[in-house]
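For reference, the structure is listed below as structure tokens.
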Amino acid sequence: MKSLLLLVLISVCWADHLSNNYTLDHDRVIHIQAENGPRLLVEAEQAKVFSHRGGNVTLPCKFFRDPTAFGSGTHKIRIKWTKLTSDYLKEVDVFVSMGYHKKTYGGYHGRVFLKGGSDNDASLVITDLTLEDYGRYKCEVIEGLEDDTAVVALDLEGVVFPYFPRLGRYNLNFHEAQQACLDQDAVIASFDQLYDAWRGGLDWCNAGWLSDGSVQYPITKPREPCGGQNTVPGVRNYGFWDKDKSRYDVFCFTSNFNGRFYYLIHPTKLTYDEAVQACLNDGAQIAKVGQIFAAWKLLGYDRCDAGWLADGSVRYPISRPRRRCRPNEAAVRFVGFPDKKHKLYGVYCFRAYN
């Protein structure tokens, strides 16, 4: 009891001491900051932005500070942009800014900068977009011990196409699948890209690698050889397989190109080697599979003549189905991988613009 009384007397004396030394004037305000209250808030006005290969895009990001928070405005603002990998396990550095100091990383060098529309604008501009730029980006703003983030998805206009090499179906491990797409002016597709293609009508009964290492395939018309006739349409998922040992096809993604895709008018049919040389003689190169799909899907290219492509396959693009030219649906028709010495086909060429 005596201890409690002594504690009360000490508290009263300490309060009197404070009141004699510190008076609350009209111009003096005490701010009590809630421990869990946000002192720095980062927001993206759009969760997803759209563009195309070769274009420019702004990834939106703004930050808001509590000016009444203790220490607000005394630290330099650090803005960091990273790209999230498809499996979300890693982040790839893109751009960092703090005051006058700025740094870009890797393939983004010379192509990215802050928009700087206002003092609280952390939006990132990416120029001359590549296929690899597709994905999710994280905007992180740091002030002292405070930080917050926002995520923006960059989507590219383009087309997904299934691919397998001359060796036949189910012959690519994951790493070979990645290279196969690159060789055809494309990149390995993401699940989101395949899903969007399925919603757009893509139906393919062979499983292929996706960028996250999963193996899947899209079915719009269920049938016995493709998961069963009584199943519902959807993207079938085989799961994740050994990237070195497991072998499947691949789904590739490509977008707009900066050049001209065309069927070469030639007086005779050509062998593969003659086709390659004919394009070179015309100031071009033999076209790749990704380029014929991009021309068909994005430009509406239509030609009922089978022609050689760079991988040794023979195909032709039909945008307006008609008799003798894929009468049932618009598609890039696949003839096959014929003997390269056969003198039976024309050639599709591609001339890049400088």
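Just so you know, glycine gets a Cβ as well, placed from its N, Cα and C.
The record in Swiss-Prot pairs Cys61 in a disulfide bond with Cys139, which is drawn from Cys139, Cys181. The disulfide bond recorded by Swiss-Prot for Cys279 reaches one of Cys226, Cys325, Cys349; that cysteine is Cys349. DSSP assigns Cys139 (disulfide bond) to a strand segment in the three-state reduction. Note on proximity: among Cys61, Cys205, Cys226, Cys349, the disulfide-bonded residues of the record, the Cα nearest Cys304 (disulfide bond) is that of Cys349. The Cβ of Cys61 (disulfide bond) has 28 other Cβ atoms within 10 Å, all protein chains considered. Here the candidates are the disulfide-bonded residues Cys139, Cys279, Cys325, and by Cα distance the one nearest Cys226 (disulfide bond) turns out to be Cys325.
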